[in-house]
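Starting off with a structure, shown below.
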There are 2 protein chains.
Amino acid sequence: MDYTNSSNADQLPQSHLQIAMEVHRVVPPPPESTIRKLKTTLKETFFPDDPLRQFKGQPTRKKWILAAQYIFPILQWGPNYSLQLFKSDVVSGLTIASLAIPQGISYAKLANLPPIVGLYSSFVPPLVYAVLGSSRDLAVGPVSIASLILGSMLRQEVSPVNDPVLFLQLAFTTTFFAGVFQASLGFLRLGFIIDFLSKATLIGFMAGAAIIVSLQQLKALLGITHFTKKMGLVPVVSSVFHNTNEWSWQTILMGFCFLVFLLVARHVSIKKPKLFWVSAGAPLVSVILSTLLVFAFKAQHHGISIIGKLQEGLNPPSWNMLQFHGSHLGLSIKTGLVTGIISLTEGIAVGRTFAALKNYKVDGNKEMMAIGLMNMVGSSTSCYVTTGAFSRSAVNHNAGAKTAVSNIVMSVTVMVTLLFLMPLFQYTPNVVLGAIIVSAVVGLIDIPAACQIWKIDRFDFMVMLCAFFGVVFISVQDGLAIAVGISIFKILLQITRPKTAMLGNIPGTDIFRDVHHYKESMKIPGFLILSIEAPINFANSTYLNERVLRWIEEYEAEDHKKQSSLRFVILEMSAVNGIDTSGTSFFKELKKTVEKKGAELVLVNPLGEVMEKLQKSDESGEFMRPDCLFLTVGEAVAALSATIKVQPSINVV
Amino acid sequence: MDYTNSSNADQLPQSHLQIAMEVHRVVPPPPESTIRKLKTTLKETFFPDDPLRQFKGQPTRKKWILAAQYIFPILQWGPNYSLQLFKSDVVSGLTIASLAIPQGISYAKLANLPPIVGLYSSFVPPLVYAVLGSSRDLAVGPVSIASLILGSMLRQEVSPVNDPVLFLQLAFTTTFFAGVFQASLGFLRLGFIIDFLSKATLIGFMAGAAIIVSLQQLKALLGITHFTKKMGLVPVVSSVFHNTNEWSWQTILMGFCFLVFLLVARHVSIKKPKLFWVSAGAPLVSVILSTLLVFAFKAQHHGISIIGKLQEGLNPPSWNMLQFHGSHLGLSIKTGLVTGIISLTEGIAVGRTFAALKNYKVDGNKEMMAIGLMNMVGSSTSCYVTTGAFSRSAVNHNAGAKTAVSNIVMSVTVMVTLLFLMPLFQYTPNVVLGAIIVSAVVGLIDIPAACQIWKIDRFDFMVMLCAFFGVVFISVQDGLAIAVGISIFKILLQITRPKTAMLGNIPGTDIFRDVHHYKESMKIPGFLILSIEAPINFANSTYLNERVLRWIEEYEAEDHKKQSSLRFVILEMSAVNGIDTSGTSFFKELKKTVEKKGAELVLVNPLGEVMEKLQKSDESGEFMRPDCLFLTVGEAVAALSATIKVQPSINVV
């Protein structure tokens, strides 16, 4: 089939006209009631994974068992649990415990909370998660970014130094709201909200947060006592250099040595994943070593600040500390929302990453409920916001964890520590905790991923930079909001300015493709074939109108030279996946405009929904006429060329 | 060509395999530099109408003339102006003047401003527009909704009764900011922002505003002196019924008679557009008649409130009243923004409507600059926010206006009124002004359009209702914000949950279409052919992954019965008009998953941008392999069926 040489329709080969006779009719989609449509939309929006599929056609007893297993995944793998699996889980559980203890203490300090709260948070939540969670690799505990945000947001209104009890109450209340928020996102199946944090946004955000967290550690690493309470790059750096007289060389030396040790250990484990225990054990080794050093040299009298006495015993109940009234309620809710979303994002991303590695599935909405319940329980047992931590889960995975039992082992180890080993941490220097945090968050700065993004998509890179600089120079929550805003704006811009392309025929076929992309494709005289690549709605109907007119005018300007007039404007609508009332008006207006120019508007392959709406808006039935509605561009061109031949006088007009 | 009966590839007809040999290669789009791409994007975003097109290839002198004509459209039509045109313009100009004078006084009262400001605003801005504007039908002046919003927003902080001077200053400052905002939208070519007010939103908003405006008129129509300062339905109605003792029967009777007269006149003109002068003249007739009545019967002593003394003379300068500092600056800017957007929307919509009727073009961005400058000039000559008014422009059009000279005629008429006729309005009763407003805004309630929207698109109808009820029960600006928010949310939801459809072959062709829509299309054994109908980005990559997996699992479940295994998953990508880094990861993950299931992922017709990004993200070149990249689904199926035949053992696997 060759349309391109036929500047006059008479030259069309015979076979061509035969095809024109065999045109396939465009039919409206099968009728569907509004309720049914609503049902489909709701299902796709809230249940895209069709969680009830497995229940279909099962006997009632089986259904109950499935339901119990659905709610408590432990019932799924529990019955098949073996000694072999247990051995792996004990090894990995002990490994992550050795990481969890120093990290727990450090992150609690990052959140301006008493260090012991960090350990409490590594005891109860892992137990809850082991019962409810469906990931086999997630290691649960406090994480750096959520700790940072919680600490910095609450500190805006309440001082952790002057009012420690109120601060602690607010932290637990925040944790409760974070949990409620997470669980309800899962329960209401609104999990897709966290999808709005794109990968680029997260990479920029994480890197920015890592910088902010590291800067905060300068207090501990340099031994400064008068430190700014702000988080931004500028105030922290200026505070550091305004207090050079407070710098303590002993602290700096110790911090530097342990930081180098930790970073080297990290590097070794990255290079050789089999040596995972090097980086996993390094924090605990640093803590033990530094504590011994301090104890031996009485270094606390030489300018090195230490943690001090820690309470012994398990988590005290804290439900009586939750505050559901008073002037700080708004702050707790807001902080709960932000930390809830952030920790959820990390937890779900980590869970999905490892599930993909081991080829099992993690149900996002179910995970949200598990993490949410875990935080709600946590908030009444003296724990603050916890989630699946990336570094800890990676260690867990590398150490060979098989099931959530590794979380239980970690939890028990932390319990033993809480009961018997707390006095040992009394002489642990703060500088080592700072070094542990810095070495942990350095891993959040993912330069290769940033390079990859730069290579693929410049706009995503810009979003990433906005998130990064927003976090570093403005604030953690504003940086995140800016990046999300820009990402959404990009989507809207894509909709507002959809691509339209002129199609041409690929010689020797009935395929029509973008003439700009496929250089060999040829325009067909008398035809302007355009494809529209977006839903047509209020946000772009004005633009599309102007754009199509410009195509027509450009065609006519070229045309002028060629002395062949525009006969048909064909719109290829395969990519128009939706339309609204502004969109239907667009077609009506366009039809009038095209007809004023002496040409005809022809639609090709409108999709079901689009067709239905066009039909409803089109009382006179002018769009549904079979001579301006075709199934493929090829058929449209063939059939319409034939009509030109039938009316030979038209070429003169 | 018939693929559907070939459950085994060996049964494929010979012709089919020939096609497989003639497969057309998918080629990457021609390389383009980032800068060039950015240029194209910026051009499409900001200059979709290509305003510089006409300058191309013109001599320098001609370019200067064109530029001057571009800035001052009056230079375009001025030289060809004839006596014939002038006659038409005088008739229409006098007609709209007779409407403009009573409306000016009424709308100024609606904005809580002295009545004379309404007349000032019908004098200067039309002159400015006549020089700068490109619409031939727009009649410029104050409009009801912008007046309402300006009055109600400013009244939140400053009382027009206790502090009239400050209120007036703020009104002028607001007008100035509205003008600056409008002009900069046009200058920065951000005109598409007003596209986000969809037709459905506007219909709901207008109807709601009409109700609110009418409710405010109950004060004048019932003669109540103690009226609520709130705008909502509830407070106004309760205020009306709490002050029944203030109702004045004389006022009510007068109001009722004139309202009926005005509505009948309006009805007559709608039924017979030739009698446009009936509704156009009715307000002036009402004003004259009622003024005479009051004067004759000294009705002001019988409970009918009158306007009172009005200043004589032309607009005094007001640039010294603009306030660019002080505590109310934020309020002025905010009010300027809202009234600016609203009045711009009305002005542009009116301009476009009449331009389409008379088949000329109105450049949106240029109009914005014209309206913006008009308001900036207005703000320093004692005018408040003006724009192209719908009712007035309709009268203008019907009265036979040919050019913007009709605005000049109206302006001169208003000038004469200001200079000599002001004392005549002293006895005009307020109740008649109320009746004029009510009869004008009734036209904003467009029930047939609402029915049409209900028929075509239920979601748009919901947006409309939200705008309506938001305006009526919450506030004008919140109702608008809610409706815009919902509209945008709908677009985002469409992106977040894009449609995927399973395609089947239409027997006897190589066309593949949605099996749900085209019932005759047949699935091809061993192939799962899906089309994705949206850009793939961070907001939907997770969903798409789950959705495609569900398609595969459903295929396998059916498959189980049919005993033929899945061999190829074909993604038809013609409708995927964009992709970001999350999208490229989606393809990588999907490829892995599909391969784990023993099948292969094949892409069909990725568009230029998508292809480019896939290529960049795909170091190993696995997506670009010619055996998993085809130009049409037909060719892909033909070619891949052939490979099955070549390896007959595969069917057993």
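Positions of Cβ are set from backbone N, Cα and C atoms, glycine also.
Okay, so TrEMBL annotates it like this:
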type     : residues  : note
TRANSMEM : B:166-188 : transmembrane segment
TRANSMEM : B:200-227 : transmembrane segment
TRANSMEM : B:247-264 : transmembrane segment
TRANSMEM : B:276-297 : transmembrane segment
TRANSMEM : B:403-425 : transmembrane segment
TRANSMEM : B:431-449 : transmembrane segment
TRANSMEM : B:461-489 : transmembrane segment
DOMAIN   : B:517-640 : domain 'STAS'
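How buried are the listed features, and what sits near them?
Non-local neighbours of the transmembrane segment (B:166-188) in the same chain are 46, 111-114, 117, 150, 154-155, 158-160, 194, 318, 321-324, 328-329, 331-333, 335-337, 339-341, 343-344, 364-380, 382-385; each lies 6+ residues outside the stretch with a CB under 8 Å from one of its CB atoms.
Counting only same-chain residues 6+ beyond the ends of the transmembrane segment (B:247-264), those with a CB under 8 A from a CB of the stretch are 220-224, 279, 282-283, 286, 289-290, 293, 299, 302-305, 429, 431-432, 434-436, 438-439, 442.
Under 8 Å from some Cβ of the transmembrane segment (B:276-297) lie the Cβ atoms of residues 95-96, 98-99, 101-103, 254, 258, 261-262, 265-266, 268-270, 304, 306, 395, 398-399, 424-425, 427-429, 431-433, 435-436, 439, all in the same chain and six or more residues away from its ends.
Counting only same-chain residues 6+ beyond the ends of the transmembrane segment (B:431-449), those with a CB under 8 A from a CB of the stretch are 102-103, 105-107, 109-110, 144-145, 199, 203, 206-207, 209-211, 213-214, 217-221, 223, 251, 254-255, 258-259, 262-263, 266, 282-283, 286-287, 290, 304-305, 307, 390-391.
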Within the domain 'STAS' (B:517-640), how many residues are helix, strand or coil going by DSSP?
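Looking at the domain 'STAS' (B:517-640) with DSSP, the answer is 59 helix, 21 strand, 44 coil.
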Express the predicted model's confidence over the domain 'STAS' (B:517-640) as a mean pLDDT, rounded to an integer.
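84, rounded to a whole number.
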